[in-house]
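J.: Shown below is the structure under consideration.
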Amino acid sequence: MLHTIKKIGVLTSGGDAPGMNAAIRSVVRTCAFHDIKCYGIYRGYEGMIDGDFVEMDARSVKGIINKGGTMLKSARSKDFRTKEGRAKAYEQLRKAGIDAFVVIGGDGSFTGAMIFNKEYNFPVMGIPGTIDNDIFGTTHTLGYDTALNTVVEVIDKIRDTASSHNRLFFIEVMGRDVGHIALNVGIGAGAEEILIPEEDLGLDRLLESLRRSKQSGKSSSIVIVAEGDKIGKSVFELKDYVEENMSEYEVRVSVLGHMQRGGAPSCFDRVLASRMGVKAVESLITGKSSYMVGMKNDVMDLTPFDQAVKGKSKINKELLRVSDIMSI
Ligand code: F6P
């Protein structure tokens, strides 16, 4: 492959996700495969502005494919949102002789890369790394599959105690303002109800559904609440509301929080990360720039940044129907 790119930077940006280390490993080793130098950029765009770089080779990334988190650390950078900040970053990259970079992150990270590319005509490529799976242009973002498995395991544990005490549990899961995690773990863990931002169930229908569960002989219930759900009440207010309107239920709440972002990446995420890293580097060295690597029909494809950041990943309506039928 003919290319003039000699040094590629790699960074992780935004909320961390399991599989980011596997993606770093793939970018570094694909560079090595093509005799290109690779530089790790610590702490996302903050580290780029500070010139916090480390040269990496195939051995630098040994033993990390199975590690959650990111060895390069991650951060959200306010300075990179300013022209001055991006100018400093460009200066640092130029000083180090880095002539392209791969950013592993979410839509905010891609927006920054897109603006940087426009300002400096600097080659950039994105790998979608976020547990939310809320990025247009890929069926899976890195970390999503791992988060689903982590959460399902936890809900199974909560169900043990819910059924032992005949309780109703409201379990809040991450996902920012989309309901992919909630919908899939709700089906996977056999939840009685799933509240997601994309579907406004409403409080009355929630009570109706819980009454139906009770009448059908269910002694305990699990309701999954996406953190972005718009029912208008926090999970704690939902608890109070149900206790006030359905005294037959003893209600508890569990907010899973950041444990959903940790843990060893699943095999699916490790393979996806490895594939995305190869695609990102080989796209750069064949002259492409300002794209996000994504999986479509099990093929690694490219989506222009401006589409990836503007688009929204849609909820699968068939899953909604499945969840309704399963909770009969
Ligand atoms: O985007 C990933 C995510 O975990 C979201 O699901 C969640 O809302 C957010 O990050 C939490 O952000 P922070 O790590 O800054 O608290």
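The chain as shown is numbered from 1 upward.
Every residue gets a Cβ built from N, Cα and C, even glycine.
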J.: Looking at TrEMBL, which one out of ARG43, ARG159, ARG176, ARG261 binds ADP in the same site as ARG25, SER26, VAL27, VAL28, ARG29, GLY190, ALA191, GLU192, LYS218, SER219, SER220?
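T.: For the ADP site that includes ARG25, SER26, VAL27, VAL28, ARG29, GLY190, ALA191, GLU192, LYS218, SER219, SER220, TrEMBL also lists ARG159.
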J.: Do you know which of GLY9, GLY15, GLY175, GLY179 TrEMBL groups with ARG76, SER77, GLY106, ASP107, GLY108, SER109 in the ATP site?
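T.: So the ATP site in TrEMBL includes ARG76, SER77, GLY106, ASP107, GLY108, SER109 plus, from the candidates GLY9, GLY15, GLY175, GLY179, GLY15.
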J.: Per 10 Å Cβ neighbour count, which of the binding-site residues VAL27, MET174, MET259 ranks highest?
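T.: Neighbour-count leader: VAL27.
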J.: Other than GLY15, ARG76, SER77, GLY106, ASP107, GLY108, SER109, which residues of the same chain sit close to ATP? List them in sequence order, counting a residue when its Cβ is within 8 Å of the Cβ centroid of the site.
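T.: Near the ATP site, the remaining chain residues are SER13, GLY14, GLY44, GLY105, GLY112, THR130.
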J.: Quick one: which of the binding-site residues (ASP107, GLY108, SER109, ASP132, MET174, ARG176) have their CB closer than 6 Å to ligand 1?
T.: ASP132, MET174, ARG176
J.: Please give me the binding-site residues out of GLY15, ARG76, SER77, GLY106, ASP107 that lie within 10 Å of THR130 (substrate binding site), comparing Cα atoms only.
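T.: Hits: GLY15, GLY106, ASP107.
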J.: How big is the Cα-to-Cα gap, in Å, between GLY106 (ATP binding site) and GLY190 (ADP binding site)?
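T.: Just about 29 Å between their Cα atoms.
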J.: Looking only at ARG25, SER26, VAL27, VAL28, ARG29, ARG159, GLY190, ALA191, GLU192, LYS218, SER219, SER220, which the record lists for ADP, tell me the maximum pairwise CA distance in angstrom.
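T.: Of all Cα pairs among the recorded ADP binders, the widest measures 53 Å.
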